[in-house]
Structures are given as C-alpha cells and as structure tokens.
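Q: I have a structure I would like to understand better, so I am pasting it below and will then ask my questions one at a time.
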Amino acid sequence: MLELLNVQKVYRPSGWLAGGVETPALQDVSLQVAAGDFVAIMGPSGCGKSTLLNVLGLLDTVDGGRYLFEGTDVTRFSERQRDLFRQPRIGFVFQEFNLIDELTVYQNVELPLTYARVPAAERRQRVEAVLERLQLRHREQHRPGQLSGGQQQRAAIARAVVSEPRLLLADEPTGNLDSANGEAVMRLLTDLNEAGMTVVMVTHSEPDALYAHRTVRLHDGQVLLTTH
Amino acid sequence: MFSHLTHLLRTLRHHPAYSALNVLGLALALACSLLLYWLVRFHESFDTYHPQSARIYRLVTDVAGGSRGYHPGIPTPVGPALRHDFPGLGTVAMSIGQEDQLVQVLGPGRQPGTKYAEPYAIAFVEPEYFAVFTSYRWLVGSAAQTLRQPFSVVLTQRLARQYFGGANPLGRRLRLNNQIDLTVTGLLADIPDNTDQRYGFFISYPTLLHYGHSGTPLTLWEGVSSQTHGWVRLAPGRTPAQLEHALLALHQRHHPTSLPTYRYRVLPLLEQHFAMDYDGTIARSTLLILSCIGGLLLLTAGVNFVNLATAQALGRGREIGVRRTVGATSRGIFWQFLAETLLLVLLAAGTGLVLAYAALPGLREWTNTPIPHWLDGRAWLFLAGLVLFLTLGAGWYPGRVLAGFRPAQVLKGQTPGQAGGLWVRRGLVVAQLALSQSFTLGVLVMYQQLSVWLDTNPGFATSGRVVVPTPWLAGAAQARLRAELAQVPGVAGVTFGFDSPAVGTTNTSYFSYDRRALNEKFDVTRLAIDDHYLAVFGLQLVAGQPLTADSKPSSFLLNETAARMLGVGPPAAVIGHELGLNSRSNDVAYGPIVGVVRDWRLQGLQKEPLPMVLFHNPGEYRSITVQLAPSATLPLAVRTTWERYFPRYLFAPLRLDERVASFYEREQTQLAIVRLAALTAIAIGCLGLYGLVAFITQRRAREIGIRKVMGARPWQIMASFVGEFAGLLAVAFVVAAPLTSWLMQRWLDQFATHISLRPLLFGVALAATATLTLLTIGYRTLRAALVPPARALRAK
C-alpha cells in the first residue's frame, strides 16, 4: 500500500542566523507497508520518527527518493494536490490529541466530514455511529477541556476514523495517557486494524509496540531493523 | 519602578511590533487630542484677556418680521445717546470697522509711497473704546490725547513697522483710500491673536465727518451696518438687564417709529465669538463636537491598547505562572502591569507631543487659525490627565486578566480564561469598527454636502466674472470707462454696482410700500446696480421689466423674498406700486417697483436669501465686474485701462467663483478637522485590527494546523477569519449607522439648503471600512492559512 524508496529529508533552519547548517532527518529510508498492516515505528527522541510519520501522512515533503501511495507516485505533489489526496485516505491521531478547544466533541468529530462536504444528514449519521462505537455518545456536547485524557484520545480517534480512511497514522497515541487508558486506546487501534484499516504508529513504549504486526526501528534517520 | 523599567525595555525588545503598534496608536490619539485641545482652548480664550471682560457687552439689533432676525450692528446714534442719557451705567464706545481699505504711506512733503491693502485692520473709534477695552498698552500717547482731533490715527507696532520700518512713526502721514490724510499720533503694543476686534489702525471718530465711510451715517436711526458696533463696560453693580432696560427707554425717547422693527439687544463680549446669529466665528456646539472627537479618538486608542494587551497577555501565561510560583501576588502582578502600561503611555505621550508639534503648522493652515502651542500649567495638567486616564482605562482590564491567571493551570500550558475575554475583545473591536465607520460616514456626508454646494448654481453666474473693487467715479467718466473696457478683446460684458451678487458687507435700509405705513416691518438689503448688471450676472426677472437707461429715476427692483414678505400676492402684484427707500443721507426716495428678480444666494447656500431692493445709483457703485469671453483670462488691457482711471489705487481683481467658494470656508475647515480625526481613528483602528489578527492567528496556529490536517483548504481557513470579522463589522454598522445619521442630520439641518442622507452614502461608508478591514487582516490570515500543517502542529 505504501512504499518509500531511499527517502531523504533534510531540515534547513530558516532565518539569516542559521547560516545553512543542515540537519538530516531521514537518510535513505526505504519502507513498505501492505494494506491491513499494523506497523510500529520506534527509536530514541530526535531519530526522525515523527518526520517519517509526517512524510507518510503527506503533511511534509521529501528531499530525495520516492513515495508511492497505493501505486500513485505522490513524491512531487503540490501542497494542494497533497491536501486533496490526503483528506479521504488518511486519518491522524496525535499524542496531544489536538482537539479544538472551542468546539464540542461532536463538532470536532464532524470536522473532517464538513471539509469533505458530506451532506448534513449523512454527517449526523456517521458521527453518531462512530461516537457510539467509541462510547462517547454521552459526552458529545462536552468540550475537550471537560473530558479525561482517555476520553479525549477516544474523541481524537473518532475524528480520525469518521471519514473511514484506509490509513491511520498515530503519533504516540498513548504518550499522554495512564496505562489503563493507554491499553484501551491500543485495543481500539487493534480493533480498527482487524476491521481492515492499515495502521502506522510511532511509539516509545515497547508494550504498545507488541500490538503491532512488526516494528521498524529508526536511529539517526536510518532504518536499523525491522522485526516481525 | 526600576525593575518595571527594565522589564518594559525587555518587552519592547522582544515584541517590537506589538510595542510599536501600541505606542503609535496611543501617540496618534494623544497628538490629535492635543491639537484639538489647543484649537478648542484657543477659541474659548477669545477676548478673555481684557480686564474684567465679563462686564463688557456689545450692542446688537434684533430685527422684527424679516427673515433675518438678527443684525450684528447697531444704529450709529445709539451709543452717544446711551452715554448722554444714562451716564452712570458704564462706559460706552462706538467703533465703525472699515473693510478692504487702501493705505498709502506718505513721505516728507506728502510724497506718495508704498500702498497697502488693509482687509480688516481699520476702524473709526471713540476715545472711550480704550476705556472699555483697557488691555491695550499705550507705548506713546493716550486715547484722550490722540483721538479727540480729526485726521489722527493710532497704530499698533506691527502696522507701524509694516508702514515705516524701524523709523519713528509719530507725526508721519498715511493716506486713506486716496481721500484723506491721517497723522500718526500714538502707538500701541501689538494685540493678541485671540480677539474678534482685530483692529490695529484706529482713526479718531471725528474724522468720520470728512470721510466717505462704509458704515451708516452718524445720525441715522433707521439702518444698521454690520461693522458698526456699540460697546458698553458696565459700572460696578450695574447689570445687563439694567442695560437692556436703558436701551429700551432710550429707543422710546429718541426714535419710537422704529420700535416695531428694531430691538436693541445686549451680547456679552465673551459670547460674541460663539454667537453665530451675530456673525460669530464658531458655534459652541462645534467646539463641543471637536472635544467629543478628541475624546472618541482617545477612547479608540484605549480600546486598541486593551485589545492588544489582552491578546498579548495570553502569551505571557508562563511568565506570570513563574512569577507567581516565586512569590508574586495577584495584586502585585496587577500593579506591575499597570506600571508597564503607564510607561508605555508616557512613551506615547512623548511621541504624541512631538507629532502634535509637527502637525500644528498644517492645522493652522487648514483651519486658517493662528492656534498657539500652549504648554503651560493647564496644558500639562491636561496631558497628565490624559496619561492617567489612558493608563487606568487601558491598563485595568488586561491587568485584571493577567492577575487572574492561576499559576498551576498556566504552567501546565493551558490557555487560561479566554472564553470571557474573547467576548470582551470582540466588543472592543466592534467599538473600534463603529468609530471608524462613523468618522468615515461623517467625512462622506460633509464632503458630499460641500461638493453639492460648490457645484450648485447660487442663482447667478460666477465663472469668468472678475470683480474689481473700484472707487467712485463721476457719471461721464463711468460711461467712458465702461466703453473702453467693453472694447478690450476677451471682455464680453461690463457692469458697475455696489458689489457683486455675492455681497460681502450688507447694508440694510428701512422702506415703505405704497405708503401703507411709515416703514415696513422688515428692512431690505440695498444693492445699487447699473442696467447691465442683470445680464452680466445672469440674474432672471420673474415679473416686470429690468432697469434700463430709460427707467424713471428711483425705479426699483425687488427680489422674490422681498416681494413675498410684502404679503400682497404673487410677485407680479407688486409691479407698479410705489416704494419709498431711505437713502444713506436719511431722506426718502420714492419711485415705482418695475420688476421682481429671482432669488439668489448672496451668502452661500447655507443661508436663506435676504429681502433685497435693487436700484440705479452711480454714487453707490463700489465695484466693476468684467465678464470674460468663454475660456479667456483677464486681459492685461483691463488692468492698464483701469489704472489709467485710478492711478493712485490698487488694482485688486477677485474671481467671483473663488469668492463664492470662500462662503464655504467654515465648512471646509470643519471637514478638514473631521477628516484628520477620521484618518487618525481609522489608522488606530487598523493598527488595532492588525495587531489583534496577528495575535489571533498566532494563538490559533495549532488549531489551523489541525483543521488543515482534517482537510480544510487555505481559503476555508481564511473564510473563517474573514467571516468572523465581517460579523463584527456588521454589528458595528448597526451601532454606528443610526447614531451617525442622527448626528449628521443635526449638522445638515443648520443649513438652508442641504443634501439628504441617502442609503448610498451608508453603503459607501460600509464598503470602505469593509475593504480596509479586509486589507488589514488579509495578509496575516493568508499567511496563517498557508503555513504547512506539519509546522503549524509543532506550534504550542
């Protein structure tokens, strides 16, 4: 489903003070993810995990190599093309949940459907269904600040999956949660994966990584090892 | 305080844009307020410098029945009669001002020297004038010594220097309008600018008997000239009511026949500057409006500050949290912020002071007013008051917001208490937008009104008409001069008259109609014309015949207003009836009314037409008007011909269209001030909007990132911002439109002819502010919308 070939990513600090010192974030990364796969990406802080995830999610561009998404070469996509390509295909879950504080849980979950111009009636149906599934119906009119961390992450997952993407990218989804809530989130991701969704997850936690089919270890922007 | 100062300097360095926006907004408002303060205070100070100015009164005349109910002058005999009949009442003095006179300096042996045009400096005064106004400082001589004899003149230093340079002016001679020679017998120190008696050239009163002056004759009870003023300085213990009573008694005793028409009134000296009915300079309400404008500007700057400061406060949560954990109290945080605000306001006050000084010469020119730059105790007090007001007004709310942060919460990185603050900030933005819209609308209405006036035909032809003030000329010479001027190529017409239809100084007379009463209940403005006058100025007859060379002597034309006020039916009904007009020498000329002329606006479209009578009288001609052929300029031959007839006079041609435009000078000035205020308000508003949108986009960067990850397109992000501001703009309009339209309607209502407030004007104002708002917020929101989501998500 996803195929990275010798991908390079370099950070050039902006501004006149930076003087052009470049920091390589990804070097020669090649990776294949099959449809229905569940991949964990691990490695120490600053090794390029989040960069890799951003590249996979079309949030960031690469400086070298190729990226094929379901056979489509998306390497040279413009920002507009990436936006349009990403929206129906990829869902995101973040460590900090990234819910919008001013919106209710319901409105947060509805957001991707609004931008995708899904008709109101269908939106309602789908949001209610996903909230039901994640046991958040009773919280739908609350704002994120009124929820526990676990509930917030469930809401964020609901938002990520409401438009039924084929790929779910999770950046340390349990990083801000206690173990009980963390486990619940991991079970949820496993369920989604078993229902057919491809999941790529960045994590620091070895136990979490055990939920994945395989683990990719990164060090200094390079793939060290892939374990099954 | 020192630690606040270092902290402030740090803030200034770390947030240069924020600080600049804040200080600049405040400085602009302070500068404008200071300028308006100077302007208002200058007007308020008029004639207050005379000792015991509250006891000085001017005599004016209310006219019954006429459309013009008030007259700034008084019949000339009233003053002497009052002095004679009521000696204990106070000191009485008459002054007769003379406009547009020619002064020629004479050398030894009366050798003619340089000529000077004096538009308003000359007055004939009784010696008592200087006992009423005791502020004049005599450098040489005294009123009693110098102004009893005819042909003597007292000058202020400025005029003496102008005429004689550094030489001793005493005993030197000046020639007035080529008629009489005057000897300088005294010298006065210069007078301040803030007086409505701008005379500096005082001629002894007895000289009037030898001079063809423009006021009413000394013995004429039945006529008033606008430049003939009576002054009374009440004796201690006497009241203005007693003075009014004395005036009535005197009127009954000396001239009971004019009792139904004239009523002598008392106008306090300190009110005359604001008494628009009696040719005052500026209405008190206008000063009030100017003060309100200053206040509104300060308000918008304060609002701007609160807006930026609260927005910025959200970014200071961590700093406040750290301060609180190391021991700062909530109250301490509040006072710290207030001290910061005070320092910023002081910085702005300094900048504003510099700006005000820089802008003052421009304002002087715009308003045609010699506004002084007072920086005395009162002005410093005013500034200190403003600083205090702004510090408290602008620092209070953001200070409270900062002091209200809970340390545990802010240190965890949660944005504190923003839901309430957001509404407050929205309210403030609405207030700013409403002010900007109000000012824009005000400027539009005033501008529209002025252009309509300037474009509207005042009822007579103005373009290509050049008026030349001209001395009296004997009948035969008049005919020759006309013939010669008419032959100059480029000249299409020539007419003699007292003045052009745009009459400057009006003279009114009593008159009778059909001898149905001794005098009619209103008096008429007199205008001597020749038989080319109507044609040259394009004045139209609505009934009867024009005056021609064949008309009977003492034939009269009335204007529509005069005919209507007679109350005998349609204009044509007065034709053929007899009119008796009091002449300047106080006898009556009787003759038929031969025609009625369509009304014209002799003093601009703000004022109603006056009742007028037009007649032939070569003795009263004071001007020649030359009608130029289309697109011709004034030929040199007109000047040379004129100067051949009047070698001793100044050729001072005046374009009639410019003179008509000058009728709207006051409104032009008001427009200039409101425009300045509008620009300032809009500039401050834009600064505020820009600052606000910068902070909002920064604060919402992460949210924008999330939305983009969820599939939002950049235009959708922008639209959400624009939509929010458009909503605020609409609310502001709903607030501003009715208030401003009420205010502008009041402004318009003071004029006889005015535009109506059409919806289009409101639309234009709304569109203008909307465009400006869009431009102001556009750049920041566009930039925010285009940030790649990966970067936006990294923002905390």
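Glycine residues also receive a Cβ, built from the backbone N, Cα and C atoms like all the rest.
The domain 'MacB-like periplasmic core' annotation in TrEMBL covers B:19-248. As annotated by TrEMBL, transmembrane segment applies to B:20-40, B:287-311, B:332-359, B:379-397, B:428-447, B:672-696, B:717-740, B:760-779. Annotated domain 'ABC3 transporter permease C-terminal' per TrEMBL: B:293-403, B:677-784, in sequence order.
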Q: Using DSSP, what is the helix/strand/coil residue split across the domain 'ABC3 transporter permease C-terminal' (B:293-403)?
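A: Breakdown, helix to coil: 96 helix, 0 strand, 15 coil.
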Q: Under 8 Å for C-beta pairs, could you tell me which stretch among B:20-40, B:428-447, B:760-779 has the largest tally with the transmembrane segment (B:672-696)?
A: B:428-447
Q: Cβ under 8 Å, sequence separation of at least 6 from the ends of the transmembrane segment (B:428-447): give me the contacting residues as numbers and ranges.
A: 296, 299-300, 303-304, 306-307, 667, 670-671, 674-675, 677-678, 681-682, 684-685, 688-689, 692, 725, 728-729, 731-733, 735-737, 739-741, 743-744, 747-748, 755, 757, 761-762, 764-766, 768-769, 772-773
Q: Please count the residues of the domain 'ABC3 transporter permease C-terminal' (B:677-784) that DSSP assigns to helix (H, G, I), strand (E, B) and coil.
A: 94 helix, 0 strand, 14 coil
Q: Mean pLDDT over the domain 'ABC3 transporter permease C-terminal' (B:677-784): what is the value?
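A: Mean pLDDT across the domain 'ABC3 transporter permease C-terminal' (B:677-784) comes out at 86.
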